[in-house]
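Engineer: Mind looking over this structure? Questions follow.
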């Protein structure tokens, strides 16, 4: 990477780092806070699992509509203008828990978290990807997406590691402070890549002329705001515009179905099975985050040009399946730590999906492309808790039909296996230029 390449995106990288640091550092603590508020003194709580699943489903429903909409609006009004909204709103829920974590305040947090996440969840990474696509040529895009994911993983490591040495109250207070700093930094330093409506995408990293449009665009006449609200129609039309995009969308759906299921179930499973608490969760996430960061910042820039995104995607999903199956049959408390090491490979999947889709969209449609794929991911986030939360609650309770606490995690692994099988069929071919 040359210095111009890194300097042009440095403020975006810092914004993403601070935002992810703030949001990720509360993850190890939120399970303990939820259990303490709803089922104090217990290691298994079906109510907590169901509430987490309901939150995931509602957030997925909201982002299904909002991600394509925010992507479209960022194409028209600029990435920085639209990214300001989630950067500011996400301060509110963590600010509530930084004040108090009693049952009453937890429910207030829960309501605000759902409402705000329905609008904002995933929008910062989505718009950051579109920002990178605006300003990086196609040949460097997979590597740039990998670096962006690596920055997010580095923030994940730093955030979860700091949680290891803080109390629950201090964790949420520091998270709130960092979220405020992230919003201020973004407003002051981040330069918008959108210039005006007649010149939507102006790269800041290269003097090359923009590539020809790859997906036929509608004329840029006086488009009214209500037309941008037709996000579901945009989602359907985009996904049917290319076989490669359709295949990538299927992979994204089942991959995120598995990821969302694992995210909603794993911590409760480990707490019930091995009595893990905030500190063990943080240790586990640090291991996963460190290996993922090294992989995305070091290995992916080397392997992506050699193997290509499609092959790297399949490799990542294959090891993701092994990762989930190991969790499901964990026979000792050290097995989850060993399983977390597989993140050195399975973290390839999401950047590769985004890069494949990005190359099928024109320079003026990167926000729409990333927003539509995020919409597909949101569908998975709606479906996942409806399937896996009841399954997890059942097999962690005394009413389980047979003794297999990790059965829901194994089912999640099978969902990931479907995405792996579909990834083998993805053929990345250059679309016909319009």
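Cβ atoms are placed via backbone N, Cα and C, with glycine included.
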Engineer: Which residue range, 312-331, 332-351, is the one TrEMBL calls transmembrane segment?
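Structural biologist: When 312-331, 332-351 are checked in TrEMBL, transmembrane segment belongs to 312-331.
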Engineer: What else in the chain is close to the transmembrane segment (312-331), if you only count residues 6 or more beyond its ends and a Cβ gap under 8 Å?
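Structural biologist: Contacts of the transmembrane segment (312-331) (Cβ under 8 Å, skipping residues fewer than 6 from its ends): 251, 255, 258, 262, 266, 269, 273-274, 300, 303-304, 338-340, 342-343, 345-349, 352-353, 356, 406-410, 412-413, 416-417, 419-420, 423-424, 426.
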Engineer: With the transmembrane segment (284-305) as the reference, find which of 144-166, 172-190, 369-396 contributes the most Cβ pairs under 8 Å.
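Structural biologist: Stretch with maximum Cβ contacts: 144-166.
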Engineer: Flag the pair the transmembrane segment (106-132) / the transmembrane segment (47-70) as in contact if three or more Cβ pairs fall under 8 Å (sequence separation 6 or more).
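Structural biologist: Counting Cβ pairs under 8 Å, at least 3, so yes.
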Engineer: Taking the transmembrane segment (172-190) as reference, which of 7-27, 47-70, 144-166 has the most Cβ pairs under 8 angstroms?
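Structural biologist: So the stretch in question is 7-27.
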